[in-house]
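Engineer: Provided herewith is a single structure, encoded as structure tokens, for subsequent inquiry.
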Amino acid sequence: MAAKLRKFLLRYYPPGIILQYERDGVMKQKPIDLLDLTPDVDVEVLLSQIIRQEPLISENRRPALRQLIHRLIDKMMEQQHHSFTLFKRCSSRHVASKDSEDFVWGREVLRAHILPLTNCAFNKSGDRFITGSYDRTCKVWNTFTGEEIFTLEGHKNVVYAIAFNNPYGDKIVTGSFDKTCKLWDAYTGQLYYTLKGHQTEIVCLSFNPQSTIIATGSMDNTAKLWDVETGQERATLLGHRAEIVSLGFNTGGDLIVTGSFDHDSRLWDVRTGQCVHVLSGHRGEVSSTQFNYAGTLVVSGSIDCTSRLWDVRSGRCLSVKQGHTDEVLDVSFDAAGSKFVSASADGTARLYHTLTGVCQHTLVGHEGEISKVAFNPQGTRLITASSDKTCRLWDCETGDCLQVLEGHTDEIFSCAFNYEGDFIITGSKDNTCRIWKALTASSQPGVPGGHGVRPTTAFSYND
């Protein structure tokens with residue numbers, strides 16, 4: 001039976017269109033990635049190219065497709081956020097103060113964890129975020145009200161690694177120094193499974209984009225793959241000779257990359273659990289790894305002061321990026337994969353053009369090491385979290401520092417944008433997590449109890 005197109009779904013970041021089609025009574029999806037889309041594109045030429053290359057799309061779909069392309073371009077042309085203000089502070093003790101940092105629009109400081117935080121993360125829609133802590137718990141928060149929704153309790157040691165199953169956002173996974181990982185319902189706090197098998201602390205984890213597999217990395221030199229539906233172990237990835245501190249899936253979910261203190265990164269086949277390539281070349285521990293969106297490249301950072309770009313198909317090192325004078329602590333691609341950044345203990349970040357390999361900007365201004373870096377979804381802004389107690393907002397085109405987010409009283413170890421790029425969360429060793437809102441923010445509280453992506457992030461066309 002021939003496939004029949006049923007619906008177009010719009011994906012803003014990175015730009016693309018999802019085709020929802022039916023074959024043999026089963027609904028399936030197929031992406032059309034538009035990673036190189038720019039506002040000055042010739043839309044009619046692009047439409048002709050898509051229709052010519054995609055059998056599911058006939059010429060009579062041109063008007064609907066044109067509308068979608070213009071929606072993507074309009075999104076690109078929206079006003080960029082230049083300045084953020086403190087929206088909410090979540091702290092380890094209850095404070096009532098008239099200080100402007102503690103009251104924004106009359107909102108009060110909340111009680112949070114009783115011990116320092118370890119990490120923080122948004123769900124895709126940005127209406128909720130989570131914080132992990134040395135107090136052995138993970139808390140779920142409402143972004144727009146700053147209120148704690150509930151606490152995930154049960155671990156017997158530090159909750160170190162946490163994640164939502166984005167883009168769905170209905171599950172949370174927590175990894176702990178108690179050697180276990182726990183899978184939770186993000187809306188009720190119900191515990192689904194406790195994943196047991198690692199011999200030592202779990203320090204990194206991730207859902208695959210399809211939300212069917214969880215990967216965990218441990219100080220026991222192994223990574224494990226777990227089935228989300230059953231909670232059963234699917235595979236143990238053996239081969240590293242030291243702790244695994246970084247891991248992540250590619251967009252297709254069929255490959256995973258791991259970074260280790262044995263100086264190597266490895267690419268693994270998720271289906272078989274076999275190592276596909278060993279990415280060797282760093283002369284020190286690997287601190288961070290990531291696929292680009294297309295899944296063709298991996299970037300790795302190391303304490304040898306360099307970052308490296310790798311070809312996924314061959315496992316070959318394409319380039320070595322030098323320039324930092326101290327350890328590289330974090331690396332990241334932007335959503336489309338056209339840029340990547342390295343953050344260092346030397347207090348600087350270096351922004352590169354992926355295709356040319358040219359360092360476009362060295363971001364200078366912090367007075368301490370940068371441990372975390374993140375792009376906004378549009379790829380136009382960058383935030384850096386530092387031990388100097390500040391987070392800085394940078395313009396990716398000019399390299400200028402647009403704003404210094406001040407107020408934390410100890411080093412900041414985590415930072416993230418929400419899906420729209422108009423909220424930022426920062427986590428600090430001062431036991432607080434702060435929510436920063438763009439002065440031009442468009443995000444609004446979602447429908448109470450709603451479990452899906454807000455309407456501003458998706459658009460559909462029915463056949």
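Keep in mind that glycine also has a Cβ here, set from the backbone N, Cα and C atoms.
Those TrEMBL annotations? Automatic predictions, nothing curated.
Features from TrEMBL:
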- 110-151: repeat 'WD' (REPEAT)
- 152-194: repeat 'WD' (REPEAT)
- 195-236: repeat 'WD' (REPEAT)
- 237-278: repeat 'WD' (REPEAT)
- 279-320: repeat 'WD' (REPEAT)
- 321-362: repeat 'WD' (REPEAT)
- 363-404: repeat 'WD' (REPEAT)
- 405-437: repeat 'WD' (REPEAT)
Engineer: What stretch, picked from 110-151, 195-236, 279-320, has the most CB pairs under 8 A with the repeat 'WD' (405-437)?
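Structural biologist: Maximum Cβ contact count belongs to 110-151.
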Engineer: Short question: which residues 6 or more past the ends of the repeat 'WD' (195-236) have a Cβ under 8 Å from it?
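Structural biologist: Hits for the repeat 'WD' (195-236): 157, 160-168, 171, 173, 175-177, 179-183, 242-249, 251-253, 256, 258, 260, 262, 268, 270, 272-273.
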Engineer: Quick test of the contact rule: Cβ under 8 Å, at least six residues beyond the ends. What residues does that give for the repeat 'WD' (237-278)?
Structural biologist: 203-210, 212-213, 215-225, 284-291, 293-295, 298, 300, 302, 304, 310, 312, 314-315
Engineer: Can you tell me which parts of the same chain pack against the repeat 'WD' (363-404), counting only residues 6+ beyond its ends and a CB-CB cutoff under 8 A?
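Structural biologist: The answer is 12-13, 76, 80-84, 326-327, 329-336, 338-339, 341-351, 410-417, 419-421, 424, 426, 428, 430.
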Engineer: Limited to the repeat 'WD' (110-151), I'd like the whole-number average of pLDDT.
Structural biologist: 88
Engineer: Counting only residues 6+ away from its ends, which parts of the chain sit with a Cβ under 8 Å from the repeat 'WD' (279-320)?
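Structural biologist: Non-local partners: 14, 33, 35, 242, 245-252, 255, 257-267, 326-333, 335-337, 340, 342-344, 346, 350, 354, 357.
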Engineer: When secondary structure is assigned with DSSP, how many helix, strand and coil residues does the repeat 'WD' (152-194) contain?
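Structural biologist: Taking the repeat 'WD' (152-194) as a whole: 0 helix, 23 strand, 20 coil.
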Engineer: For the repeat 'WD' (321-362), what does DSSP give as the number of helix, strand and coil residues?
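Structural biologist: When I sort the residues of the repeat 'WD' (321-362) into the three classes, I find 0 helix, 22 strand, 20 coil.
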Engineer: Please work out the helix, strand and coil residue numbers for the repeat 'WD' (279-320) from the DSSP assignment.
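Structural biologist: So the repeat 'WD' (279-320) is made up of 0 helix, 22 strand, 20 coil.
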